[in-house]
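Enquirer: Take a look at this one; I'll ask things after.
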Amino acid sequence: MNTLSFLILLSSLISIVLAGADYYKILGVNKNANEKEIRNAYRQLSKKYHPDKNPGDESAQQKFMEISNAYDILMDSEKRNIYDRFGEEGLQGGAGSQQQQQQQHNPFNSFFGQQFNQGPPRGQDVQTDINFSLSDFYNGKDYEFQVNLIDICDNCKGTGSSDGIKHECSECHGKGRVLHTRNLGHGMMQRMEVQCSKCHGSGKEIKHKCKICKGQGAYNQEKTFNFHLPSGAPKNYVELFQGKGPSQPGIIPGDLRVYMKEDPNENFGFRRIGNNLYRTEVISLKEAMFGNWKRDIQFFDIYDPKITLSRKENESIQNGDVEIIKEKGMPIMNSNDEFGDLFIEYVVIMPLGSKTLIKDWHDEL
């Protein structure tokens, strides 16, 4: 055997070991794509193939699952590094194991019965945002919400089969992979082991598809969750539902993360920075100069729902003065009844702009 023939044979053998799902091709990006390019490609494809937009289309559902899995791998730097080095088989065998490194240096091991420790891949994490008023953050709140997630079909228990039976794939005979032969020219052929296109590598095929999930074993469902927003929780507080993300047969479910966002339109005129509250209070020139006023401000505390601001007669205020009311800020989460402070900044309205207003200003003086 000459050197050229040996190199071609070696290339063929390596291809057999490392061939698998091409996640870059699935997302339509090159191998040097950055996270932004991968994210943009995923968003476009997921919108196109989302089950909600393709009801009853089995190929679209399968494509959506492939896109989601590819995105999960390529957006995880550790998984992507393993995939780039070892291919799809490396991901199934566990990150960076000594056995994988040996396999990389010796691609012939698979032909002599040495296999990776197979392990199911992990599903994609998802997040959802929920808006709460500043009053909710102050007092705490029990909350129930719904979110659409791909989940195991209860009707077929994830088998995809109406009778619960999966038969041996007639294309790959249960192996999940088939040999593909390519003509290299000059009388030489390349044989490459690739994933079976009929069973998508499972080695099984379904003869009687479940009518609910259309044979996929999972479908998009509305799921209900409950959680408690703690009193004094910070902005963008996260509630983690571990293992409650999208779930598919043969895949470990990812996580669901719920981000609590503060609604700026429901704050009674208060602003929060850390554990402190801030408010701008507008007063007239007469009130600033001569005092003798009192006003009640709506507040978040359900047990003490108002704050009283006042000045005695001849007690003056200058524009920009700040009054600090101790322990009237936000509750400090997980503390023993501790609170931040409330800062009131006074803004004095000067009665200028017309002869009438100027006359009123002189009258006040």
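Placed from the backbone N, Cα and C atoms, the Cβ positions cover glycine too.
Automatic, uncurated: that is what TrEMBL annotation is.
Pulled these features from TrEMBL for this protein:
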SIGNAL    1-19  signal peptide
DOMAIN    22-87  domain 'J'
ZN_FING   140-222  zinc finger
DOMAIN    140-222  domain 'CR-type'
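On this model, are these features tucked inside or out on the surface, and what's nearby?
Expert: Restricting the average to the zinc finger (140-222) gives a pLDDT of 87.
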Enquirer: Per DSSP, how many helix, strand and coil residues does the domain 'J' (22-87) have?
Expert: 47 helix, 0 strand, 19 coil
Enquirer: Where DSSP helix means H, G or I and strand means E or B, what are the helix, strand and coil counts for the domain 'CR-type' (140-222)?
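Expert: Across the domain 'CR-type' (140-222), DSSP assigns the residues as follows: 0 helix, 40 strand, 43 coil.
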